[in-house]
Amino acid sequence: MASAGTQHYSIGLRQKNSFKQSGPSGTVPATPPEKPSEGRVWPQAHQQVKPIWKLEKKQVETLSAGLGPGLLGVPPQPAYFFCPSTLCSSGTTAVIAGHSSSCYLHSLPDLFNSTLLYRRSSYRQKPYQQLESFCLRSSPSEKSPFSLPQKSLPVSLTANKATSSMVFSMAQPMASSSTEPYLCLAAAGENPSGKSLASAISGKIPSPLSSSYKPMLNNNSFMWPNSTPVPLLQTTQGLKPVSPPKIQPVSWHHSGGTGDCAPQPVDHKVPKSIGTVPADASAHIALSTASSHDTSTTSVASSWYNRNNLAMRAEPLSCALDDSSDSQDPTKEIRFTEAVRKLTARGFEKMPRQGCQLEQSSFLNPSFQWNVLNRSRRWKPPAVNQQFPQEDAGSVRRVLPGASDTLGLDNTVFCTKRISIHLLASHASGLNHNPACESVIDSSAFGEGKAPGPPFPQTLGIANVATRLSSIQLGQSEKERPEEARELDSSDRDISSATDLQPDQAETEDTEEELVDGLEDCCSRDENEEEEGDSECSSLSAVSPSESVAMISRSCMEILTKPLSNHEKVVRPALIYSLFPNVPPTIYFGTRDERVEKLPWEQRKLLRWKMSTVTPNIVKQTIGRSHFKISKRNDDWLGCWGHHMKSPSFRSIREHQKLNHFPGSFQIGRKDRLWRNLSRMQSRFGKKEFSFFPQSFILPQDAKLLRKAWESSSRQKWIVKPPASARGIGIQVIHKWSQLPKRRPLLVQRYLHKPYLISGSKFDLRIYVYVTSYDPLRIYLFSDGLVRFASCKYSPSMKSLGNKFMHLTNYSVNKKNAEYQANADEMACQGHKWALKALWNYLSQKGVNSDAIWEKIKDVVVKTIISSEPYVTSLLKMYVRRPYSCHELFGFDIMLDENLKPWVLEVNISPSLHSSSPLDISIKGQMIRDLLNLAGFVLPNAEDIISSPSSCSSSTTSLPTSPGDKCRMAPEHVTAQKMKKAYYLTQKIPDQDFYASVLDVLTPDDVRILVEMEDEFSRRGQFERIFPSHISSRYLRFFEQPRYFNILTTQWEQKYHGNKLKGVDLLRSWCYKGFHMGVVSDSAPVWSLPTSLLTISKDDVILNAFSKSETSKLGKQSSCEVSLLLSEDGTTPKSKKTQAGLSPYPQKPSSSKDSEDTSKEPSLSTQTLPVIKCSGQTSRLSASSTFQSISDSLLAVSP
């Protein structure tokens, strides 16, 4: 249609099935060829009300833009049909015009006031398809002589807010032949008195219309077609441009759950002004305040089969076409589909399907709305020349004849099945959920020479087939911001429950828009932004904030499973409660088949998320299901998924906030830094432990070393990579020195020329690694991943080195290959992308031990993360207020050689979460949901958000405070914790038995860290923790500096990995007392130095090393075994009696050689504790200075 750029029609239907069949199905009663006079026809037309339009053609086909009438062999015979204004229940009319070189419109009396001009040229046959349209009518003030512009037709449409209409989707039989080159437009229905009406069609038209054909009414409602595309045939000559009259757009509501169309109730309020302005288009729609009562209702309905002939009510909206010089642009058109989608307002009324009625109240719940909105949905930005798998042959490619702009948008699909489309409000004042919004739609024509595709298969019922429309290119009218950021904001405001009115009102008053790019302003652009360009989130800025785009690729049609109704969804609590008492719960993130309950308003208002331009859609959908809102401020948000920042910028993150990056993680995220760190570890610990990374050289500094290695292996292939690139950009495979790029930083790496092949193709693995903490280090590995194949079979020949489809496995590269095959089944071993679990099944069938490969992958992942640990940990202590504030997802690219040895190729700090296939959605969707649950987002105290970060406050109305709150901890307990850490970090060569004693005494910090670890483990989902583990003690030697909490967690795992319940019960007993929060009474025992260290053999008096005041207390004790130790079961253990001078850990005699050796070690490992000997020999320390000296010695090395 002229206003939409795609094929649309309007079909009116009464609620009762009262239409009579006037003749055989598919036929039109013959009418006399007389031409009624204008004066007789128009008054007669106004007497008709609520008829049905009939398109009597079984097969209708469009004409390619590049083809003329002579090429098809059938001369065009256009037919014009004038339908009275009463054809629609609200007096709605439309104007549709085509193009023909032999036909001209000279005068159309009162066209925009009362009639529908319809013109159709049929050259070929095409099975009927889905029929969707709307009715157009202008206000009486716009009566003027009308003539068509050269290649565009202004469309007028106005609506009265006080009027509503009953609009239905229906299907009609269509008959056509090559000798019947006209389209019959009929109407049937009832007037208020119930009488059947006849059609009256007339007007002043050119001679080609003065034929014997006169369309008549046809009451036959036997068949219901899916779609009938009727494109706008553009006039090329003889037509004079005219200023477009004022119109009003239509409102189209989707239920979102089943694809059924459900317009709004009659009593729904209409915004006073909503405008849609096509930039540089043939007609402009601007804001209108039309309040004239003499207006008509505009309605739209999607064609779907309604067995019960149930009515749907469409709401009226107001809009106006604005006069513009751009209206003469012959290459632009108004896109109807996008206009009605953008202007849809709140309120969903679920229509029954298959005899099931869904209560409207379910849609008043924003949580349910979000589940419906996000279930099985992938948001796609506007795409140009987007290619889809070749096997999708069922698409309908509609071409607009005469189109001159060839943007090639015919392959993109607008999917409406199970998609909730609603208005994104950009103004949130008051309780009106339909604020005025103004946006621009940049319309584009289809490409020339595109032949219509095969007909749409009709194997499913019409109610189950998603509407397939042409793609829409959106323009920008304001600052570029992500579309789904605004959708998160509008989801809860568009649909609200009456019982939650006051909270929602408060939310509306608090304008929740996307934040100003505060974090992104300080992003390190030269750091690794791996695969951000491959993600759909990087292109979200192409959409203005008031536009909610429901564009997804055709593959979504294959993965849209039957949605669960509200009562079928699993209801989940909003919070995950801890395993331990006095520990705050974490926010729950659900799947698309779950409905997350709402928190009370006082807590729900704290759910704020900072949106970034690179926040993936799949993250937005997941947080939206948990009722997060977009924060406008920089201090009240809880989470952000954005760019990596420079390290000093992490100071701006407050204690209750989480960012998805660690400072310094680019140490493994950049290819050059990764090689430097791994080569350093290799030189320190040997190639046996660190030989999983191909030999690399960093140019220009390693040019001489590269030249030497190059000459030693003449037949060696080398792969050249930019140090901070992604998606295969700039990667080359070379074998000649002359092919090496000069004068720019590069990483030159030995090419793995003998990879493991499957069906002759090489592949790599995308492994998802999640780090929740660096101190203590906690690493998780997602159980599934992706297997990415090269799209050409591998050949070791030197002649094939330039073929990227053979040597590179990046999806961004291989998707451009015409031979690339997608895979829709996550368990199938087909196509060029598999699930990781499918690979393990494949290898198991080949007799390969996949478990052994998985264990090797775990090993290389842990070692790679440890190589970055010293940098990240030091930056965390320097710039991050609280370890809670950072977490990060890494994407490891691993390749298997012919011996199935895993090799780390690179590490991505921002792995692509773009979901372009059912396989991607299944794996990445589950992974993100489990990741966010594992992250443990905690609701802060409302006072903490407002108050200064350094203040320590509590609230009786908020959730329990963080376990890390040390405001109530006494100074002696803080001192004891530091001394214990120093005690276990000052040993040069500790053994396993010595480290095992760390669990004999638990401090408040110990309990807090172990509680966090066990709570986190219980939320792991499909993640597997690979560090710490019961075998991770072997990795402790790889740390540049020993970390006390790594020792603690590793020993805990070794002791309790086989009996988790026992360890959890022990921690629960201490949490019940509040010990993990530093709540220790005066009588509670605290940690002290082991008795074997400070035992005086003469009197067996155990000296406590806290302070002199503690010494006086010990002197008053009558017992010689009075060490204030806290054992695992909460009792005071018996001290271990050892000989004087013996230590529970191995000691080396002091020597100058030892001093030289230890001077090279980290500072924390250079000191040894003094040993006291009081058996008459000379003591290393005198008794009078023992206590203070030991205390100073320990605290001096305490981290």
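Indices start at 1 and increase along the chain as displayed.
Quick reminder: no glycine exception, Cβ is built from N, Cα and C everywhere.
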Per Swiss-Prot, Arg788, Tyr811, Ser812, Lys924 bind L-glutamate; matching candidate in Lys799, Lys833, Lys901: Lys833
Among Ser251, Ser524, Ser691, residue with annotation phosphoserine (source: Swiss-Prot): Ser691
Inter-residue C-alpha distance, Ser691 (phosphoserine) and Glu906 (Mg(2+) 2 binding site) (nearest angstrom): 14
Mean per-residue pLDDT computed across the domain 'TTL' (604-947): 91
Ser691, Asn908 as recorded positions, winner by CB count within 10 A: Asn908
DSSP three-state assignment for Ser691 (phosphoserine): coil
Protein Cβ atoms within 10 Å of Glu906 (Mg(2+) 2 binding site), excluding its own: 23
